[in-house]
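Right, one structure below, let's go through it.
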Amino acid sequence: MEVNMEALSDYMRGKYRDIQEKVYEYFKGRPELQTPIEILKDDHRELCLKQLLGLVREAGIRPFRFVVDEPSKYFAILEAVGGIDMSLGIKMGVQYSLWGGSVLNLGTKKHKDKYFDGIDNLDYMGCFAMTELHHGSNVQGLQTVAMFDPITDEFIVDTPNDGAIKWWIGNAAVHGKFATVFAKLMLPSHDAKGVTDMGVHAFIVPIRDMKTHEVLPGIEIHDCGHKVGLNGVDNGALRFRSVRIPRDNLLNRFGDVSRDGKYTSSLPTINKRFAATLGELVGGRVGLAYSSVGVLKIASTIAIRYSLLRQQFGPPKQPEVSILDYQSQQHKLMPMLASTYAFHFATLDLVDKYSEMKKTHDDELVGEVHALSAGLKAYVTSFTAKSISICREACGGHGYAAVNRFGSLRNDHDIFQTFEGDNTVLLQQVAGDLLKRYQEKFQGGAIAGTWNYLRESMNAYLSAPNPVTARWEGEEHLRDPQFQLDAFRYRTSRLLHSAALRLRKHSKTLGTFGAWNRCLNHLLTLAESHIESVILAKFVDAVKSCPDESSRAALKLACDLYALDRIWNDIGTYRNVDYVAPNKAKAIHKLVDYLSFQVRNVAKELVDAFDLPDDVTRAPIAMQKEAYTQYTQQVGF
Ligand SMILES: Cc1cc2nc3c(=O)[nH]c(=O)nc-3n(C[C@H](O)[C@H](O)[C@H](O)COP(=O)(O)OP(=O)(O)OC[C@H]3O[C@@H](n4cnc5c(N)ncnc54)[C@H](O)[C@@H]3O)c2cc1C
């Protein structure tokens, strides 16, 4: 199959390739800003700061203005910067999406006026201090307090016990001047308790002197130390002892305190305010899902370029064959390549939806972006984390040389599964959301947006599988997107329906919490199944919309492989309920192997279309010219 490379690259490029190229060009021209393979933690942190300063002050790329106004552009910069050094991507994310984003999204005009320029030009380096030693995922369990003092018109921020020490806070150990601190807002009251807890709010707390950079009185900061990866980011732990901040430092978009100590909010309950506050922070998740695809592109590009080059064994008296010609290598790498494409389109769509949500604040879209960002972040980052190890192994011994990148990619990316919401916790939000929609459906309500498909597939599920189609095994049928989508959706509907029944049954004896835990693995499978369905639907659309015929054909191969590989991975489920008869299961398996072989034949083109220059992939074994020579030179020959 001949693929029109220009057309395919164009289709994949997206609107913001120019700014990504500007990032690549800048770092190409500044070799002293390249992160060396071996670097000490403290040097890495300083280098990472220099990289960020260079990007903003020298290259003139100012990401902050895009955080709210043009998020797609912001995420494109984030992806490119992450390709330079993932620590840089995360440091930039801490500065602009977390610290900056909290000021813009949780604060009001007075905060924007006061802090925007300093955050933008990096004079005001800042932190996002949510996690505590004892509480990460359970944000409502945070214990830091901010007590209002009506006499001085200030809040007094305190760490009441060791468990409440803020932990893991990016930019805190060395560079941060400010922190957005999440704390329980306490107001003095006239009842027996003497205080009222208004729930978790965000406050701007200066942590270092603007001129001397000394840590301010009442604040104690320690370094969280050397980490498994991302050592260019200075994560620190903070303790507050009666630190006074002006009342104005409360980020007061969702709740405010007046001069005389009265609390006002447009939202009626602590839970609603908490949900609104956390809801404003989904941008971080969108960014991680999107950047994780960027990492997967780099890892799969290195592994596939090398697998095309590398030759081992062959038929007797004939030249050796490329290792990508082995079925086992195709099995490791081709479904991964297909998934990378699938995730590319799904996360681009998420970014578009997020940008739209930021403009319209439409309620339906807000709900959709929340569930989708949680699901995609969890699903994609888990997949990428596993894939990097597969890539390393697929490249044999040379995959283990640090210069070929898999070690740092794996170590730096690993934590994507945990921060901005632990994946297991996020998937539960997706499952909870699906159950809510399910109940709404049975109460006669409408199912819209991403969940739309459940309307039909739930009905299909509730009637028995069709014994005739269960036997259809022709390639045309198996490659029909309708069959693939129906199969994915059938599985989700089945898991959803059975989860709802099981939860109802167990909650009678175990209560809601106990029943949820009893069904937890089932619920996680449900969430993953839903996300896979959403991803497939986006991929199918992307194939259809591709204007160039040859690119469309290559994408269709990848899409079919993505779909059938997933069905094959879960074939037990389909067989158990006779959705797929034995002959069909066998045909699916054969077709997955055949499609892997077909995708192998366009693997070079599919990888090239990611358009990652050699100075971004950087692994010598994956250079597009003279890879072996560059590799030997690397070690000194
Ligand atoms: C490098 C790094 C940088 C970070 N940067 C920041 C930062 O700048 N600011 C900030 O505020 N925080 C930051 N964090 C903290 C990060 O957000 C938290 O680590 C994350 O939210 C997870 O919380 P936890 O570590 O307490 O994990 P836990 O919640 O304790 O999770 C531990 C395990 O328990 C499981 N678990 C927890 N709850 C459930 C449940 N309900 N059901 C099933 N399983 C469950 C999880 O799946 C996980 O496997 C950072 C962390 C790291 C490591």
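Yeah, the Cβs are placed from backbone N, Cα and C, and that goes for glycine too.
As recorded in TrEMBL, the features of this protein are as follows:
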type	residues	note
DOMAIN	127-243	domain 'Acyl-CoA oxidase/dehydrogenase middle'
BINDING	Thr131, Gly170	FAD binding site
DOMAIN	279-434	domain 'Acyl-CoA oxidase C-alpha1'
ACT_SITE	Glu420	active site, proton acceptor
DOMAIN	480-628	domain 'Acyl-CoA oxidase C-terminal'
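Per-residue pLDDT, averaged across the domain 'Acyl-CoA oxidase/dehydrogenase middle' (127-243), gives 97. DSSP labels the residues of the domain 'Acyl-CoA oxidase C-terminal' (480-628) in these numbers: 126 helix, 0 strand, 23 coil.
Of all the recorded positions listed here (Thr131, Gly170, Glu420), it is Thr131 whose C-beta has the fewest other C-beta atoms within 10 angstroms. Across the domain 'Acyl-CoA oxidase/dehydrogenase middle' (127-243), the DSSP tally of helix, strand and coil residues reads 6 helix, 54 strand, 57 coil. For the pair Gly170 (FAD binding site) and the residue listed as 'active site, proton acceptor', the Cα-Cα distance reads 12 Å.
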